[in-house]
Amino acid sequence: MQPEFKKKSIRSFVIRGGRMTEGQKNAFDKWWPHYGVSLFDGPINPAELFGRSAPLVLEIGFGMGDSLVDMAIADPDSDFIGIEVHPPGVGRLINRAGTEGVPNLRCYMADANDVLSDCIPDGSLDRLQLFFPDPWHKKKHNKRRIVQPEFVEKIRAKLKIGGHFHMATDWEAYAEHMMEVMTAAPGYENIAGGSEFAPQPSYRPTTKFERRGENLGHGVWDIIFSRSL
């Protein structure tokens, strides 16, 4: 399977190489019909998708998927949707979710901007998660950073009033950029107050990558804003 795209725009990601394992390939045959959602299916009805009404969490760029599966298992009273463009990560996520019988998780293999525009109803999300997005640290590539004024306004429309937009990054310059964009964005409030970074919430797992960075003295910054208007 290949990632789904619809609208032409500046991409905040690069489709990286990397072969799928046999287990990941088999996961698409076995588990995609249950866990996968197509961009081209159009707007979702979360209650129909999950068979119940529950708090809804959307994660953009779940990587290899372990932390998202962990969150879904740890919070069975909420429903989770993940978006990822890299097939090996999607294959790993659905393989683990299927093997472990995780009922409250679905995913897209598509461009997040397309999914937000075409599939996620306004005012439907209790939380949107964006953990460790590509920092595009070269200045000439800064425009590719996903956190931009237009993007955060799109997120605000998808959140419920009081819903949270939670970002995390291990690049200090990107953390400062995120804070600058969010502080200037209308209709948001920083739950930590002012321009303060938030402590890591208990629901966000610490990844192996993050622990490695911490052992090397790297920082991690959490930014959490709620929709106020």
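Any Cβ shown, glycine's included, is placed from N, Cα and C.
As recorded in Swiss-Prot, the features of this protein are as follows:
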- E59, E84, D111, D134: S-adenosyl-L-methionine binding site (BINDING)
- D134: active site (ACT_SITE)
- K138, D170, T207, K208, F209, E210: substrate binding site (BINDING)
- 140-145: region 'Interaction with RNA' (REGION)
Where E59 (S-adenosyl-L-methionine binding site) falls in three-state DSSP terms: strand
Rounded mean pLDDT for the residues that make up the region 'Interaction with RNA' (140-145): 68
Shortest C-alpha distance to E210 (substrate binding site) - which of the binding-site residues E59, E84, D111, D134: D134
F209 (substrate binding site): secondary structure state under DSSP, collapsed to three categories: helix
Residues satisfying Cβ distance under 8 Å from F209 (substrate binding site), sequence separation of at least 6: F132
Taking residues E59, E84, D111, D134, which bind S-adenosyl-L-methionine in the record, the widest Cα spacing (Å, whole number): 14
Among E84, D111, D170, which are binding-site residues, the residue with the most C-beta atoms within 10 angstroms of its C-beta: E84
CB contacts for E59 (S-adenosyl-L-methionine binding site) [other CB atoms within 10 A, all chains]: 25
Mapped DSSP class for D111 (S-adenosyl-L-methionine binding site), helix or strand or coil: coil
Long-range Cβ environment of T207 (substrate binding site), under 8 Å and at least 6 residues apart: D66, S67, F132
C-beta crowding around K208 (substrate binding site), within 10 angstroms: 11
